[in-house]
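As annotated by TrEMBL, active site, proton donor/acceptor applies to Glu292. Among the features that TrEMBL reports, Zn(2+) binding site is placed at His203, Asp210, His295. The annotation region 'Disordered' is assigned in TrEMBL to 36-55. For Arg158, the entry in TrEMBL reads site 'Transition state stabilizer'.
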Amino acid sequence: MSWAERPSIPSKCRCPRTNVDFGEVAIKARAIGAVSPRGKAESPGSELSPVPSRGCRRPARWRSTAAGSLLRWAILLVGIVPASAAPLPADFVYLRDIDATIQQDIRYAGSNNFVGRPLPGYEAAECIVTRGIALRLKAAQAQLRPRGLSLKMLDCYRPVRAVAEMLAWSEDGVETAAGRRYTPGVAKRDLFRLGYIAVRSGHSTGAAVDLTLVELAADNSADFDPAKDYADCTAPAALRAPEGSVDMGTGYDCSDPKAHTSAQDLRPEQRRWRSELVAVMAAQGFVNYAREWWHFSLPGAGETTYVFRIRPRR
Ligand SMILES: [Zn+2]
């Protein structure tokens, strides 16, 4: 892999010695505390990247120790192993291998998202999570299936480079139709200032997921058409881009107060669906993010961000 393929790290500190092959190896980037879902700056001042945060210093556990030296060499060696020999870091799994009945529509792998194009690092539309998260999702699915419902994954593990691309998009000054659909009440240039775009994401730990519910008996056949002029994400479901799921009152990734899980300006059935999703996830230990009805994480499960790319499942 060339240097040009390395992710754009949203940090003023660029340290060549830490720029190992980001695409092939999972780097224990750095322990983080409260991590954010897409765009929500819950902990200002923290970083997501493998690049050390201050003065280009390496993390303390790497400095001047034999173990640190061995670890650096191990990472470099792993980095040159062909991808097929090391498809996923330890403890990560393809959700499809754990439960193939859980539906998936990984939005950042295609153009049906607020950026309007596939994000770097998403080379396959596959949900990858840690094994513990996958088993809990399987348990949630087991509760839903007898009732004619299914989970539908919208995003799972998110490579750091994709988060960096989101940040770059928010700062490029170009307003797009896709962007306006997802952020109807705020200018794109204000997304970062208002906390809608942050520099790191809990998704990069593999312990956060975006998902919704599907009624299996419903007609969910309508496909997203990138050429079509859909209404924004707060409009009635019939006017929004189709998502093949129940009507939660807004579309996925909608940067608007109406997407807050407890928003009041919803119809009763929309509120019920949100409560249903929160309940089935809470039963497995997941906690919802109050500003996004679709985002759930497992407290304490992910403290390390990863940078490996999402590749096709073999
Ligand atoms: Zn999320």
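Glycine too: its Cβ is placed from the backbone N, Cα and C atoms.
A TrEMBL annotation is a machine prediction, not a hand-curated record.
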In whole Å, how far does the CA atom of His203 (Zn(2+) binding site) lie from that of Arg158 (site 'Transition state stabilizer')?
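With the alpha carbons as reference points, the distance is 5 Å.
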Please work out the number of neighbouring Cβ atoms within 10 Å of the Cβ of Asp210 (Zn(2+) binding site), leaving out its own Cβ.
25
Ligand 1: which of the recorded positions Arg158, Asp210, His295 have a Cβ closer than 6 angstroms to it?
Asp210, His295
Can you figure out which of Asp210, Glu292, His295 (the recorded positions) comes closest in space to Arg158 (site 'Transition state stabilizer'), comparing Cα atoms?
Asp210
Any idea what DSSP makes of Glu292 (active site, proton donor/acceptor), helix, strand or coil?
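DSSP call for Glu292 (active site, proton donor/acceptor): strand.
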Could you tell me the C-alpha distance between Glu292 (active site, proton donor/acceptor) and Asp210 (Zn(2+) binding site) in angstrom, no decimals?
9
Kindly assign His203 (Zn(2+) binding site) to one of the three DSSP-derived states: helix, strand or coil.
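The residue in question, His203 (Zn(2+) binding site), is helix (DSSP, three-state).
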Could you tally the C-beta atoms, other than its own, that fall within 10 angstroms of the C-beta of Arg158 (site 'Transition state stabilizer')?
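28, counting other Cβ atoms within 10 Å of Arg158 (site 'Transition state stabilizer').
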